[in-house]
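Per Swiss-Prot, the features are:
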type	residues	note
BINDING	Cys29, Cys209, His234, Glu238	Zn(2+) binding site
BINDING	Lys269	ATP binding site
MOTIF	31-41	motif ''HIGH' region'
MOTIF	266-270	motif ''KMSKS' region'
Amino acid sequence: MSIQIFNTLTREKEPFKPLKDGEVKMYVCGPTVYNYIHIGNARPIIVFDTVRRYFTYRGYDVKFVSNFTDVDDKLIRAANELKLTVPEVADRFIGAYFDDVDQLNVAKASVNPRVTENMDEIIQLISTLIEKGYAYESAGDVYFRTKKFKDYGKLSGQELSELQHGARVEYNERKQDELDFTLWKAAKPDEIFWESPFGNGRPGWHIECSALAKKYLGDTIDIHAGGQDLVFPHHEDEIAQSEAATGKTFANYWMHNAFLNIDGEKMSKSLGNFITLHDVLKDNDPNVIRFFMLSVHYRKPITLNDAILEDAKNGLERLMIAYQNIDHRIQTDDGEYVEEAHEDEWLEQLTELKQAFEDDMDDDFNTANAITTFHELAKRANIYLAKETVSINVLREFLSMMRLFAEVLGLKLENTQTDSLDDSEVEALIEERLQARNERNFARADEIRDILKEKNIILEDTAQGTRFRRG
């Protein structure tokens, strides 16, 4: 079947139809770089990286844009607290961002535009909105006329009348209407600013993404994505600005991931459960964090705690062990492999598992089901490895398919931890242990096993001999 996407705009699953055959234009809202990103921010980063990977696997050329908001009130406050300039704060935490997400095996975006490097495009978009009557200047600020855009609220499912009735009104004499939102903020004393036709100042948050998406992807894009907290007002305002300026549909598909909770509670500074990704990665394998994030469908809330992370670690380890055992069996081929009688049946099973994996991912990128299929693949690999005679063709197909699934999900099946022993040294110790056991020197054999265990190397005694893996 074709790829099906749950579209927040229509509240339905829809078959994906790109603007241009073989190409996907995708924009994902990036972080405001005033601090390390929190662990909840990592969910959309991992989820939409996986969406991108699957499109690539399906043969699409994906143009993937994710921005950095490198000037706003939070950055200005952070600069004052750290006694740095706003650009220095942004540079520090953009660097930290890449350090962290690189560990999560997140592919580089086609472009990561900074707001401050695209100010001309932002100012031009605001000017267009003023010219078309959708925006107005007021004492150095510029505001968007929300009620003039008749489709306002279509993404979040809210009516303008409901917004008016439920608005938390903070009186602002510069606004013509309480629902109008800021496109440009007049400069305050001692704050960073840019020159513009409206006066010195800096952009509001929402206009940035509209301008950047337009510059790097065009007036209409295939997919716009982010966390569900961005549906309103951020993405709603983006639609209003972009479609008012161009007269065209801004994005055909809107994708939003659900929240990450800490022990069942939404993460917040007030609850004292606010955790940065940077801190989580100090104590946890990034491969496990990625596996954990993909173990639940992206539109369902996900809970983080020690027990769930341990489950994720064990689940990932089962896949890694199966992969490493197959690889070891192939690498130690002694020429005794035979043409196994049921080779075609096993290859057919693998074809069916590949189709099941694709069906899972085609169904709104259901990584939870895809991981279940991955575990079924590992289970069958273990069954096959236990056979007395095996086919090298089947083994290689198992290995190839595990690599394929892992690549789509962005998981690493090879052990990435380092130790002080290389493979030849490990093999030498295994040989010494075997000799000790043959000589009934069990104390020395156990000592060697303990030495290897301290080096994070686990031995497995099988009918084919002793194997090792790095745990």
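Every residue, even glycine, has its Cβ placed from backbone N, Cα and C.
Feature map: annotations from Swiss-Prot on the structure.
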{"residue": "Cys29", "record": "Zn(2+) binding site", "DSSP class": "coil"}
{"residue": "Cys209", "record": "Zn(2+) binding site", "DSSP class": "helix"}
{"residue": "His234", "record": "Zn(2+) binding site", "DSSP class": "helix"}
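Candidate binding-site residues: Cys29, Cys209. Fewest other C-beta atoms within 10 angstroms, Cys29. Within its own chain, the motif ''HIGH' region' (31-41) is flanked in space by residues 68-70, 72, 74-75, 77-78, 89-90, 93-94, 96-97, 100, 227, 259-260, 267, 274-280, 304, which lie at least six positions past its ends and keep a Cβ under 8 Å from the stretch. Taking the Cβ of Glu238 (Zn(2+) binding site) as reference, residues of its chain lying under 8 Å away and at least six apart in sequence are, in sequence order, His206, Cys209, Ser210, Ala213, His224, Phe250. Summary of the Zn(2+) site environment: with the site residues Cys29, Cys209, His234, Glu238 set aside, the chain residues having Cβ atoms within 8 Å of the Cβ mean position are Trp205, His206, Glu208, Ser210, His224, Gly226, Leu230, His235, Asp237. For the motif ''HIGH' region' (31-41), the predicted model reports an average pLDDT of 95. Same-chain residues at least 6 positions away in sequence with a Cβ under 8 Å from that of His234 (Zn(2+) binding site) are, in sequence order, Cys29, Trp205, His206, Cys209, Gly226.
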